[in-house]
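Per Swiss-Prot, the features are:
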BINDING   ASP312, ASP316  Mg(2+) 2 binding site
BINDING   ASP312, ASP316  Mg(2+) 1 binding site
MOTIF     312-316  motif 'DDXXD motif'
BINDING   ASP456, THR460, GLU464  Mg(2+) 3 binding site
Amino acid sequence: MAAVGASATLLTNTKSAEEPVRPVANFPPSVWGDLFLSFSLDNSMMEEYAEAMEEPKGQVRKLILDPTMDSNKKLSLIYTVHRLGLTYMFFKEIEGQLDRLFKEFNLEDYVEVDLYTISTNFQAFRHLGYKLSCDVFNKFKNYDSNTFKESITSDVRGMLGLYESAQLRLKGEKILDEASAFTETKLKSLVKTLEGSLAQQVKQSLKRPFHQGMPMVEARLYFSNYQEECSRHDSLLKLAKLHFNYLQLQQKEELRIVSQWWKDMRFQETTPYIRDRVPEIYLWILGLYFEPRYSLARIIATKITLFLVVLDDTYDAYATIEEVRLLTDAINRWDIGAMSQIPEYIRPFYKILLDEYAELEKQLAKEGRANSVIASKEAFQDIARGYLEEAEWTNSGYVASFPEYMKNGLITSAYNVISKSALVGMGEIVSEDALAWYESHPQILQASELISRLQDDVMTYQFERERGQSATGVDAYIKTYGVSEKEAIDELKKMIENAWKEINEGCLKPREVSMDLLAPILNLARMIDVVYRYDDGFTFPGKTLKEYITLLFVGSSPM
(Lines of atoms letter the chains of each structure in order from A and count residues from 1; the text may use other names and numbers.)
(Lines give C-alpha, C1' and ligand atoms only; values in the text may rest on other atoms or scores of the structure.)
Protein backbone atom coordinates (compact mmCIF):
# COMPACT_ATOMS: atom_id res chain seq x y z
CA MET A 1 0.00 0.00 0.00
CA ALA A 2 1.26 3.42 -0.85
CA ALA A 3 -0.52 5.24 1.90
CA VAL A 4 -1.75 4.85 5.45
CA GLY A 5 -5.08 3.15 5.00
CA ALA A 6 -4.76 2.37 1.28
CA SER A 7 -5.59 -1.04 -0.12
CA ALA A 8 -3.70 -4.13 0.98
CA THR A 9 -1.66 -6.44 -1.23
CA LEU A 10 -1.17 -10.04 -0.16
CA LEU A 11 0.55 -12.83 -2.06
CA THR A 12 -0.74 -16.31 -1.42
CA ASN A 13 1.51 -18.53 -3.47
CA THR A 14 4.38 -20.19 -1.57
CA LYS A 15 7.59 -22.02 -2.34
CA SER A 16 6.79 -24.46 0.44
CA ALA A 17 4.75 -24.61 3.61
CA GLU A 18 7.76 -23.32 5.58
CA GLU A 19 8.89 -20.62 3.16
CA PRO A 20 6.08 -18.35 1.97
CA VAL A 21 6.64 -15.95 -0.89
CA ARG A 22 6.00 -12.47 0.45
CA PRO A 23 5.38 -9.12 -1.21
CA VAL A 24 8.45 -6.93 -1.60
CA ALA A 25 7.68 -3.29 -0.82
CA ASN A 26 11.17 -1.82 -0.51
CA PHE A 27 9.87 1.26 1.29
CA PRO A 28 12.36 4.13 1.46
CA PRO A 29 14.02 4.41 4.88
CA SER A 30 13.43 7.27 7.27
CA VAL A 31 15.15 10.48 6.21
CA TRP A 32 15.52 11.57 9.85
CA GLY A 33 17.19 8.70 11.70
CA ASP A 34 17.47 9.53 15.41
CA LEU A 35 17.60 13.30 14.90
CA PHE A 36 14.64 14.11 17.13
CA LEU A 37 15.67 11.73 19.91
CA SER A 38 18.47 14.09 20.89
CA PHE A 39 16.20 17.06 21.67
CA SER A 40 16.31 18.30 25.25
CA LEU A 41 13.48 20.57 26.37
CA ASP A 42 14.57 23.82 28.00
CA ASN A 43 11.66 24.61 30.33
CA SER A 44 13.14 27.97 31.24
CA MET A 45 13.09 28.96 27.57
CA MET A 46 9.43 27.98 27.30
CA GLU A 47 8.69 30.09 30.36
CA GLU A 48 10.55 33.02 28.82
CA TYR A 49 8.51 32.77 25.62
CA ALA A 50 5.26 32.47 27.60
CA GLU A 51 6.12 35.54 29.67
CA ALA A 52 7.26 37.51 26.62
CA MET A 53 3.93 36.81 24.88
CA GLU A 54 1.86 38.52 27.57
CA GLU A 55 2.61 42.11 26.55
CA PRO A 56 1.94 41.79 22.79
CA LYS A 57 -1.06 39.57 23.57
CA GLY A 58 -2.57 42.37 25.61
CA GLN A 59 -1.84 44.87 22.85
CA VAL A 60 -3.49 42.67 20.21
CA ARG A 61 -6.53 42.17 22.44
CA LYS A 62 -6.91 45.95 22.73
CA LEU A 63 -6.73 46.25 18.94
CA ILE A 64 -9.43 43.64 18.47
CA LEU A 65 -11.70 45.40 20.96
CA ASP A 66 -10.91 48.96 19.79
CA PRO A 67 -14.35 50.60 19.32
CA THR A 68 -12.92 53.37 17.14
CA MET A 69 -11.42 51.07 14.51
CA ASP A 70 -13.05 51.12 11.07
CA SER A 71 -15.00 47.91 10.34
CA ASN A 72 -12.89 47.05 7.28
CA LYS A 73 -9.69 47.45 9.28
CA LYS A 74 -11.18 45.41 12.11
CA LEU A 75 -12.04 42.56 9.74
CA SER A 76 -8.58 42.76 8.18
CA LEU A 77 -7.06 42.48 11.66
CA ILE A 78 -9.23 39.49 12.54
CA TYR A 79 -8.35 37.81 9.25
CA THR A 80 -4.64 38.34 9.92
CA VAL A 81 -4.94 36.98 13.46
CA HIS A 82 -6.59 33.88 12.00
CA ARG A 83 -3.95 33.44 9.30
CA LEU A 84 -1.26 33.62 11.98
CA GLY A 85 -2.86 30.78 13.96
CA LEU A 86 -3.77 32.96 16.95
CA THR A 87 -7.57 32.80 16.86
CA TYR A 88 -7.77 30.45 19.85
CA MET A 89 -6.07 33.08 22.05
CA PHE A 90 -8.78 35.66 21.36
CA PHE A 91 -11.76 33.49 20.50
CA LYS A 92 -14.33 35.25 22.70
CA GLU A 93 -13.17 38.73 21.70
CA ILE A 94 -13.18 37.87 18.00
CA GLU A 95 -16.56 36.17 18.17
CA GLY A 96 -18.04 39.20 19.90
CA GLN A 97 -16.71 41.53 17.22
CA LEU A 98 -17.85 39.31 14.36
CA ASP A 99 -21.32 38.89 15.86
CA ARG A 100 -21.71 42.66 15.85
CA LEU A 101 -20.18 43.25 12.42
CA PHE A 102 -22.21 40.47 10.82
CA LYS A 103 -25.45 41.92 12.19
CA GLU A 104 -24.45 45.34 10.88
CA PHE A 105 -23.54 44.04 7.41
CA ASN A 106 -25.25 45.85 4.54
CA LEU A 107 -24.49 44.98 0.92
CA GLU A 108 -24.96 48.61 -0.08
CA ASP A 109 -21.98 49.57 2.09
CA TYR A 110 -19.74 47.57 -0.26
CA VAL A 111 -20.56 49.47 -3.45
CA GLU A 112 -17.36 51.55 -3.32
CA VAL A 113 -15.14 48.98 -1.61
CA ASP A 114 -12.24 47.42 -3.55
CA LEU A 115 -11.85 43.73 -4.36
CA TYR A 116 -9.00 43.09 -1.92
CA THR A 117 -10.93 44.53 1.04
CA ILE A 118 -14.12 42.68 0.15
CA SER A 119 -12.19 39.42 -0.23
CA THR A 120 -10.48 39.91 3.12
CA ASN A 121 -13.80 40.63 4.84
CA PHE A 122 -15.44 37.64 3.17
CA GLN A 123 -12.68 35.32 4.34
CA ALA A 124 -12.72 36.71 7.89
CA PHE A 125 -16.42 35.93 8.17
CA ARG A 126 -16.45 32.57 6.37
CA HIS A 127 -13.34 31.13 8.06
CA LEU A 128 -14.88 31.83 11.45
CA GLY A 129 -18.31 30.44 10.69
CA TYR A 130 -20.37 33.38 9.41
CA LYS A 131 -22.22 32.87 6.12
CA LEU A 132 -21.54 36.18 4.42
CA SER A 133 -23.29 36.26 1.05
CA CYS A 134 -21.16 35.72 -2.04
CA ASP A 135 -23.25 38.49 -3.63
CA VAL A 136 -20.54 40.88 -2.41
CA PHE A 137 -18.59 39.84 -5.53
CA ASN A 138 -21.39 40.50 -8.03
CA LYS A 139 -20.18 44.00 -8.84
CA PHE A 140 -16.95 42.59 -10.30
CA LYS A 141 -18.85 40.82 -13.10
CA ASN A 142 -20.07 42.16 -16.42
CA TYR A 143 -23.85 42.09 -16.34
CA ASP A 144 -24.20 41.64 -20.10
CA SER A 145 -21.77 38.73 -20.54
CA ASN A 146 -21.87 37.40 -16.96
CA THR A 147 -18.07 37.16 -16.92
CA PHE A 148 -15.58 38.73 -14.57
CA LYS A 149 -14.36 42.17 -15.54
CA GLU A 150 -10.90 42.16 -17.10
CA SER A 151 -10.15 45.33 -15.13
CA ILE A 152 -9.68 43.32 -11.93
CA THR A 153 -6.66 41.57 -13.45
CA SER A 154 -4.62 44.70 -12.71
CA ASP A 155 -5.36 44.21 -9.00
CA VAL A 156 -3.21 41.19 -8.20
CA ARG A 157 -3.78 41.37 -4.44
CA GLY A 158 -7.51 41.56 -5.09
CA MET A 159 -7.44 38.58 -7.44
CA LEU A 160 -5.42 36.61 -4.91
CA GLY A 161 -8.01 37.44 -2.27
CA LEU A 162 -10.82 36.38 -4.59
CA TYR A 163 -9.03 33.11 -5.36
CA GLU A 164 -8.64 32.37 -1.64
CA SER A 165 -12.27 33.39 -1.02
CA ALA A 166 -13.44 30.95 -3.68
CA GLN A 167 -11.98 28.04 -1.70
CA LEU A 168 -14.67 28.70 0.92
CA ARG A 169 -17.55 28.24 -1.53
CA LEU A 170 -20.66 26.22 -0.90
CA LYS A 171 -22.81 24.17 -3.24
CA GLY A 172 -24.79 26.43 -5.56
CA GLU A 173 -22.41 29.40 -5.29
CA LYS A 174 -21.75 29.56 -9.01
CA ILE A 175 -20.02 32.93 -8.87
CA LEU A 176 -17.32 31.47 -6.63
CA ASP A 177 -16.93 28.41 -8.88
CA GLU A 178 -16.31 30.82 -11.74
CA ALA A 179 -14.06 33.02 -9.59
CA SER A 180 -11.84 30.08 -8.71
CA ALA A 181 -11.26 29.14 -12.36
CA PHE A 182 -10.89 32.75 -13.53
CA THR A 183 -8.42 33.88 -10.86
CA GLU A 184 -6.35 30.69 -11.00
CA THR A 185 -5.84 31.12 -14.74
CA LYS A 186 -4.99 34.81 -14.45
CA LEU A 187 -2.66 34.42 -11.47
CA LYS A 188 -0.74 31.62 -13.18
CA SER A 189 -0.18 33.86 -16.19
CA LEU A 190 0.94 36.79 -14.02
CA VAL A 191 3.05 35.11 -11.36
CA LYS A 192 6.30 35.24 -13.34
CA THR A 193 5.97 39.02 -13.69
CA LEU A 194 5.62 39.60 -9.93
CA GLU A 195 8.34 40.35 -7.41
CA GLY A 196 8.91 40.32 -3.67
CA SER A 197 6.40 39.31 -1.03
CA LEU A 198 3.42 39.44 -3.40
CA ALA A 199 5.08 37.01 -5.80
CA GLN A 200 5.76 34.65 -2.91
CA GLN A 201 2.18 34.84 -1.68
CA VAL A 202 0.76 34.09 -5.13
CA LYS A 203 3.11 31.12 -5.60
CA GLN A 204 2.20 29.71 -2.20
CA SER A 205 -1.52 30.15 -2.80
CA LEU A 206 -1.44 28.53 -6.24
CA LYS A 207 0.55 25.63 -4.83
CA ARG A 208 -1.91 25.19 -1.98
CA PRO A 209 -4.59 27.68 -0.92
CA PHE A 210 -4.61 28.63 2.74
CA HIS A 211 -7.92 26.89 3.37
CA GLN A 212 -6.48 23.55 2.27
CA GLY A 213 -3.13 23.90 3.99
CA MET A 214 -1.73 22.76 7.34
CA PRO A 215 -2.50 25.52 9.88
CA MET A 216 0.93 25.59 11.57
CA VAL A 217 2.79 25.72 8.26
CA GLU A 218 0.43 28.32 6.85
CA ALA A 219 0.97 30.50 9.93
CA ARG A 220 4.74 30.21 9.62
CA LEU A 221 4.67 31.11 5.93
CA TYR A 222 2.24 33.97 6.50
CA PHE A 223 4.21 35.89 9.09
CA SER A 224 7.23 35.80 6.80
CA ASN A 225 5.07 37.71 4.30
CA TYR A 226 3.23 39.82 6.89
CA GLN A 227 6.44 41.36 8.17
CA GLU A 228 6.96 42.90 4.73
CA GLU A 229 3.65 44.77 4.86
CA CYS A 230 3.77 48.50 5.63
CA SER A 231 0.40 48.36 7.40
CA ARG A 232 1.40 45.54 9.74
CA HIS A 233 0.81 45.68 13.49
CA ASP A 234 4.21 45.08 15.07
CA SER A 235 2.67 43.75 18.28
CA LEU A 236 0.80 41.12 16.27
CA LEU A 237 3.91 40.12 14.34
CA LYS A 238 5.91 39.85 17.56
CA LEU A 239 3.22 37.71 19.17
CA ALA A 240 3.10 35.41 16.13
CA LYS A 241 6.86 34.81 16.24
CA LEU A 242 6.97 34.22 20.00
CA HIS A 243 3.97 31.93 19.71
CA PHE A 244 5.61 29.88 16.97
CA ASN A 245 8.82 29.47 18.96
CA TYR A 246 6.89 28.49 22.09
CA LEU A 247 4.87 25.88 20.21
CA GLN A 248 7.98 24.58 18.49
CA LEU A 249 9.64 23.74 21.81
CA GLN A 250 6.52 21.96 23.05
CA GLN A 251 6.08 20.05 19.82
CA LYS A 252 9.72 19.01 19.52
CA GLU A 253 9.42 17.55 23.01
CA GLU A 254 6.29 15.66 21.95
CA LEU A 255 8.12 14.39 18.88
CA ARG A 256 11.01 13.26 21.09
CA ILE A 257 8.58 11.40 23.36
CA VAL A 258 6.89 9.46 20.54
CA SER A 259 10.25 8.83 18.83
CA GLN A 260 11.63 7.33 22.05
CA TRP A 261 8.48 5.27 22.53
CA TRP A 262 8.78 3.94 18.96
CA LYS A 263 12.39 2.99 19.54
CA ASP A 264 11.61 1.34 22.89
CA MET A 265 8.86 -0.74 21.27
CA ARG A 266 11.49 -2.12 18.82
CA PHE A 267 9.05 -2.30 15.91
CA GLN A 268 11.88 -1.76 13.41
CA GLU A 269 13.50 -4.93 14.76
CA THR A 270 10.44 -7.16 15.14
CA THR A 271 8.70 -5.95 11.96
CA PRO A 272 11.55 -4.62 9.78
CA TYR A 273 9.41 -4.50 6.63
CA ILE A 274 7.35 -1.53 7.85
CA ARG A 275 7.77 2.14 6.99
CA ASP A 276 9.68 4.11 9.62
CA ARG A 277 7.70 7.35 9.60
CA VAL A 278 7.51 8.71 13.15
CA PRO A 279 8.07 12.43 12.33
CA GLU A 280 5.70 12.18 9.37
CA ILE A 281 2.91 10.65 11.46
CA TYR A 282 3.46 13.21 14.22
CA LEU A 283 3.27 15.97 11.60
CA TRP A 284 0.01 14.49 10.33
CA ILE A 285 -1.51 14.54 13.82
CA LEU A 286 -0.13 18.02 14.52
CA GLY A 287 -2.07 19.12 11.47
CA LEU A 288 -5.30 18.19 13.26
CA TYR A 289 -4.70 20.43 16.27
CA PHE A 290 -1.66 22.52 17.17
CA GLU A 291 -2.94 24.33 20.28
CA PRO A 292 -0.89 23.77 23.47
CA ARG A 293 -3.82 22.22 25.36
CA TYR A 294 -3.86 19.24 22.99
CA SER A 295 -0.34 18.05 23.77
CA LEU A 296 -1.48 14.76 25.32
CA ALA A 297 -4.00 14.24 22.52
CA ARG A 298 -1.25 14.54 19.90
CA ILE A 299 0.95 12.00 21.68
CA ILE A 300 -1.89 9.49 22.03
CA ALA A 301 -3.12 9.90 18.46
CA THR A 302 0.41 9.62 17.07
CA LYS A 303 1.01 6.34 18.89
CA ILE A 304 -2.28 4.86 17.69
CA THR A 305 -1.61 5.95 14.11
CA LEU A 306 1.85 4.37 14.29
CA PHE A 307 0.14 1.14 15.34
CA LEU A 308 -1.93 1.53 12.22
CA VAL A 309 1.20 1.83 10.05
CA VAL A 310 2.50 -1.47 11.45
CA LEU A 311 -0.83 -3.17 10.83
CA ASP A 312 -1.19 -1.69 7.38
CA ASP A 313 2.29 -2.63 6.20
CA THR A 314 1.89 -6.12 7.64
CA TYR A 315 -1.25 -6.70 5.56
CA ASP A 316 0.19 -4.92 2.59
CA ALA A 317 3.87 -5.70 2.42
CA TYR A 318 4.53 -8.91 4.30
CA ALA A 319 1.69 -11.19 5.41
CA THR A 320 0.21 -14.02 3.38
CA ILE A 321 -3.53 -14.34 2.98
CA GLU A 322 -3.63 -17.11 5.58
CA GLU A 323 -1.70 -14.98 8.07
CA VAL A 324 -3.98 -12.01 7.50
CA ARG A 325 -7.06 -14.09 8.22
CA LEU A 326 -5.53 -15.20 11.51
CA LEU A 327 -4.43 -11.69 12.46
CA THR A 328 -7.84 -10.22 11.64
CA ASP A 329 -9.52 -12.80 13.83
CA ALA A 330 -7.14 -12.02 16.69
CA ILE A 331 -7.80 -8.29 16.42
CA ASN A 332 -11.55 -8.96 16.40
CA ARG A 333 -11.18 -11.06 19.55
CA TRP A 334 -8.93 -8.45 21.21
CA ASP A 335 -7.73 -11.00 23.73
CA ILE A 336 -4.17 -11.84 24.73
CA GLY A 337 -5.23 -15.48 24.53
CA ALA A 338 -5.46 -15.09 20.76
CA MET A 339 -1.74 -14.38 20.49
CA SER A 340 -0.87 -18.04 20.07
CA GLN A 341 -2.86 -18.24 16.82
CA ILE A 342 -0.97 -15.48 14.97
CA PRO A 343 2.49 -15.65 13.34
CA GLU A 344 5.37 -15.23 15.75
CA TYR A 345 6.75 -12.12 14.03
CA ILE A 346 3.60 -10.10 14.74
CA ARG A 347 3.05 -11.24 18.33
CA PRO A 348 5.12 -8.45 19.95
CA PHE A 349 3.05 -5.87 18.07
CA TYR A 350 -0.22 -7.53 19.09
CA LYS A 351 0.73 -7.57 22.77
CA ILE A 352 1.89 -3.94 22.76
CA LEU A 353 -1.30 -2.90 20.96
CA LEU A 354 -3.52 -4.53 23.59
CA ASP A 355 -1.40 -3.26 26.48
CA GLU A 356 -1.39 0.35 25.27
CA TYR A 357 -5.14 0.43 24.71
CA ALA A 358 -5.75 -1.20 28.11
CA GLU A 359 -3.62 1.45 29.81
CA LEU A 360 -5.40 4.23 27.94
CA GLU A 361 -8.80 2.84 28.87
CA LYS A 362 -7.74 2.55 32.51
CA GLN A 363 -6.49 6.15 32.60
CA LEU A 364 -9.56 7.66 30.97
CA ALA A 365 -11.97 5.52 33.00
CA LYS A 366 -10.81 7.49 36.05
CA GLU A 367 -12.09 10.61 34.31
CA GLY A 368 -15.29 8.94 33.13
CA ARG A 369 -14.21 9.16 29.47
CA ALA A 370 -13.25 5.60 28.56
CA ASN A 371 -15.83 5.53 25.76
CA SER A 372 -13.55 7.51 23.44
CA VAL A 373 -10.88 4.79 23.82
CA ILE A 374 -13.46 2.10 23.13
CA ALA A 375 -14.56 3.96 19.98
CA SER A 376 -10.94 4.12 18.79
CA LYS A 377 -10.44 0.41 19.47
CA GLU A 378 -13.60 -0.51 17.56
CA ALA A 379 -12.43 1.60 14.62
CA PHE A 380 -9.14 -0.32 14.71
CA GLN A 381 -11.04 -3.59 14.53
CA ASP A 382 -13.15 -2.25 11.66
CA ILE A 383 -10.09 -1.39 9.58
CA ALA A 384 -8.59 -4.85 10.13
CA ARG A 385 -11.79 -6.36 8.73
CA GLY A 386 -11.66 -3.89 5.84
CA TYR A 387 -8.06 -4.79 5.05
CA LEU A 388 -9.03 -8.46 5.06
CA GLU A 389 -11.85 -7.84 2.58
CA GLU A 390 -9.46 -6.08 0.19
CA ALA A 391 -6.96 -8.89 0.66
CA GLU A 392 -9.59 -11.44 -0.29
CA TRP A 393 -10.45 -9.39 -3.38
CA THR A 394 -6.80 -9.29 -4.39
CA ASN A 395 -6.34 -12.98 -3.71
CA SER A 396 -9.26 -13.87 -5.99
CA GLY A 397 -8.53 -11.19 -8.62
CA TYR A 398 -11.87 -9.52 -7.95
CA VAL A 399 -12.43 -5.87 -8.92
CA ALA A 400 -15.27 -4.41 -6.87
CA SER A 401 -17.93 -2.10 -8.25
CA PHE A 402 -17.44 1.53 -7.33
CA PRO A 403 -20.21 1.61 -4.67
CA GLU A 404 -18.89 -1.65 -3.22
CA TYR A 405 -15.34 -0.34 -3.28
CA MET A 406 -16.33 2.91 -1.55
CA LYS A 407 -18.26 1.13 1.20
CA ASN A 408 -15.11 -0.74 2.21
CA GLY A 409 -12.63 1.88 1.01
CA LEU A 410 -13.96 4.53 3.37
CA ILE A 411 -13.02 2.15 6.17
CA THR A 412 -9.57 1.24 4.82
CA SER A 413 -8.71 4.89 4.20
CA ALA A 414 -7.86 4.88 7.94
CA TYR A 415 -9.91 8.04 8.41
CA ASN A 416 -12.14 6.50 11.06
CA VAL A 417 -9.22 5.23 13.15
CA ILE A 418 -7.28 8.49 13.00
CA SER A 419 -10.25 10.78 13.57
CA LYS A 420 -11.62 8.79 16.51
CA SER A 421 -8.17 8.37 18.03
CA ALA A 422 -7.74 12.14 17.79
CA LEU A 423 -10.65 12.51 20.22
CA VAL A 424 -9.14 10.34 22.95
CA GLY A 425 -6.90 12.94 24.59
CA MET A 426 -8.96 16.06 23.90
CA GLY A 427 -10.48 16.20 27.36
CA GLU A 428 -13.92 17.25 28.56
CA ILE A 429 -15.11 18.62 25.21
CA VAL A 430 -15.45 15.00 24.02
CA SER A 431 -18.63 14.41 26.00
CA GLU A 432 -21.11 11.56 25.59
CA ASP A 433 -23.23 13.86 23.42
CA ALA A 434 -20.20 14.75 21.30
CA LEU A 435 -19.37 11.07 20.78
CA ALA A 436 -22.99 10.34 19.90
CA TRP A 437 -22.90 13.13 17.30
CA TYR A 438 -19.69 11.67 15.91
CA GLU A 439 -21.13 8.16 15.77
CA SER A 440 -24.16 9.51 13.87
CA HIS A 441 -21.78 10.03 10.93
CA PRO A 442 -22.80 13.62 10.10
CA GLN A 443 -22.42 15.07 6.61
CA ILE A 444 -19.22 16.99 7.37
CA LEU A 445 -17.60 13.78 8.58
CA GLN A 446 -18.73 11.88 5.49
CA ALA A 447 -17.29 14.60 3.26
CA SER A 448 -13.91 14.65 4.99
CA GLU A 449 -13.82 10.85 4.89
CA LEU A 450 -14.53 10.84 1.15
CA ILE A 451 -11.67 13.28 0.52
CA SER A 452 -9.38 11.01 2.52
CA ARG A 453 -10.23 8.02 0.33
CA LEU A 454 -10.37 9.60 -3.11
CA GLN A 455 -7.45 12.05 -2.83
CA ASP A 456 -5.28 9.08 -1.92
CA ASP A 457 -6.63 6.99 -4.81
CA VAL A 458 -6.18 9.70 -7.43
CA MET A 459 -2.55 10.20 -6.48
CA THR A 460 -1.47 6.60 -5.81
CA TYR A 461 -3.43 4.40 -8.23
CA GLN A 462 -0.59 4.03 -10.76
CA PHE A 463 1.92 3.03 -8.10
CA GLU A 464 -0.63 0.62 -6.65
CA ARG A 465 -1.08 -1.02 -10.06
CA GLU A 466 2.65 -1.39 -10.58
CA ARG A 467 2.95 -3.20 -7.27
CA GLY A 468 0.00 -5.47 -7.98
CA GLN A 469 -2.18 -3.85 -5.36
CA SER A 470 -5.88 -4.44 -5.13
CA ALA A 471 -7.97 -2.17 -7.33
CA THR A 472 -8.29 1.47 -6.26
CA GLY A 473 -11.26 3.79 -6.64
CA VAL A 474 -9.98 4.75 -10.09
CA ASP A 475 -10.07 1.14 -11.28
CA ALA A 476 -13.46 0.51 -9.69
CA TYR A 477 -14.93 3.63 -11.30
CA ILE A 478 -13.62 2.64 -14.74
CA LYS A 479 -15.06 -0.86 -14.40
CA THR A 480 -18.45 0.27 -13.08
CA TYR A 481 -19.17 3.15 -15.44
CA GLY A 482 -17.20 2.18 -18.55
CA VAL A 483 -15.23 5.42 -18.75
CA SER A 484 -11.61 6.18 -19.62
CA GLU A 485 -8.94 6.61 -16.98
CA LYS A 486 -8.93 10.38 -17.46
CA GLU A 487 -12.71 10.57 -17.20
CA ALA A 488 -12.63 8.51 -14.01
CA ILE A 489 -10.01 10.76 -12.42
CA ASP A 490 -11.93 13.88 -13.45
CA GLU A 491 -15.10 12.51 -11.85
CA LEU A 492 -13.31 11.63 -8.62
CA LYS A 493 -11.82 15.13 -8.49
CA LYS A 494 -15.33 16.58 -8.87
CA MET A 495 -16.46 14.45 -5.96
CA ILE A 496 -13.56 15.78 -3.90
CA GLU A 497 -14.43 19.36 -4.85
CA ASN A 498 -18.05 18.86 -3.81
CA ALA A 499 -16.95 17.28 -0.55
CA TRP A 500 -14.95 20.42 0.25
CA LYS A 501 -18.12 22.45 -0.25
CA GLU A 502 -19.92 20.21 2.22
CA ILE A 503 -17.13 20.66 4.76
CA ASN A 504 -17.34 24.43 4.30
CA GLU A 505 -21.09 24.27 4.92
CA GLY A 506 -20.60 22.14 8.02
CA CYS A 507 -18.27 24.69 9.60
CA LEU A 508 -20.78 27.54 9.33
CA LYS A 509 -23.08 28.69 12.11
CA PRO A 510 -25.37 27.48 13.53
CA ARG A 511 -23.23 24.43 14.26
CA GLU A 512 -24.37 21.13 15.73
CA VAL A 513 -21.23 20.91 17.89
CA SER A 514 -18.42 23.27 18.83
CA MET A 515 -15.68 24.20 16.39
CA ASP A 516 -13.25 22.42 18.73
CA LEU A 517 -14.78 19.15 17.53
CA LEU A 518 -15.21 20.24 13.92
CA ALA A 519 -11.64 21.51 13.52
CA PRO A 520 -9.96 18.06 13.49
CA ILE A 521 -12.47 16.93 10.84
CA LEU A 522 -11.68 19.95 8.67
CA ASN A 523 -7.96 19.66 9.36
CA LEU A 524 -7.79 15.96 8.54
CA ALA A 525 -9.12 16.78 5.07
CA ARG A 526 -6.46 19.48 4.84
CA MET A 527 -3.70 17.04 5.79
CA ILE A 528 -4.86 14.60 3.13
CA ASP A 529 -4.42 17.42 0.63
CA VAL A 530 -0.96 18.19 2.01
CA VAL A 531 0.17 14.57 1.81
CA TYR A 532 -1.44 13.57 -1.51
CA ARG A 533 -2.01 16.61 -3.71
CA TYR A 534 1.24 16.23 -5.67
CA ASP A 535 2.63 12.82 -4.74
CA ASP A 536 2.39 10.01 -2.22
CA GLY A 537 4.01 12.12 0.44
CA PHE A 538 3.79 9.46 3.12
CA THR A 539 5.50 6.57 1.38
CA PHE A 540 7.97 8.95 -0.28
CA PRO A 541 8.33 11.78 2.28
CA GLY A 542 11.45 13.37 0.81
CA LYS A 543 9.53 16.29 -0.73
CA THR A 544 6.57 18.05 0.89
CA LEU A 545 6.66 16.38 4.29
CA LYS A 546 10.41 16.78 4.62
CA GLU A 547 10.01 20.46 3.77
CA TYR A 548 7.27 20.87 6.38
CA ILE A 549 9.13 18.99 9.11
CA THR A 550 12.22 21.09 8.47
CA LEU A 551 10.20 24.31 8.58
CA LEU A 552 8.47 23.43 11.84
CA PHE A 553 11.06 21.52 13.84
CA VAL A 554 14.51 22.45 12.54
CA GLY A 555 15.53 26.00 13.44
CA SER A 556 13.41 28.62 15.20
CA SER A 557 11.68 31.73 13.94
CA PRO A 558 14.02 34.74 13.79
CA MET A 559 12.82 37.50 16.12
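Note that Cβ sites are derived from N, Cα and C of the backbone, with glycine treated the same way.
Note that this is a predicted model, so its numbers are computed, not measured.
The CA atom of THR460 (Mg(2+) 3 binding site) is located 16 Å away from the CA atom of ASP312 (Mg(2+) 2 binding site). The average pLDDT computed over the motif 'DDXXD motif' (312-316) stands at 93. Each residue contributes its Cα atom, and for GLU464 (Mg(2+) 3 binding site) and ASP316 (Mg(2+) 2 binding site) those atoms are 11 Å apart. For the binding-site residues ASP312, ASP456, the ranking by surrounding Cβ atoms (within 10 Å, all protein chains) places ASP456 first. Burial estimate for the binding-site residues (ASP316, GLU464): highest at ASP316, by number of other CB atoms within 10 Å. DSSP assignment over the motif 'DDXXD motif' (312-316) gives 5 helix, 0 strand, 0 coil. The Cβ neighbour count for THR460 (Mg(2+) 3 binding site), using a 10 Å radius and every protein chain shown, is 24.
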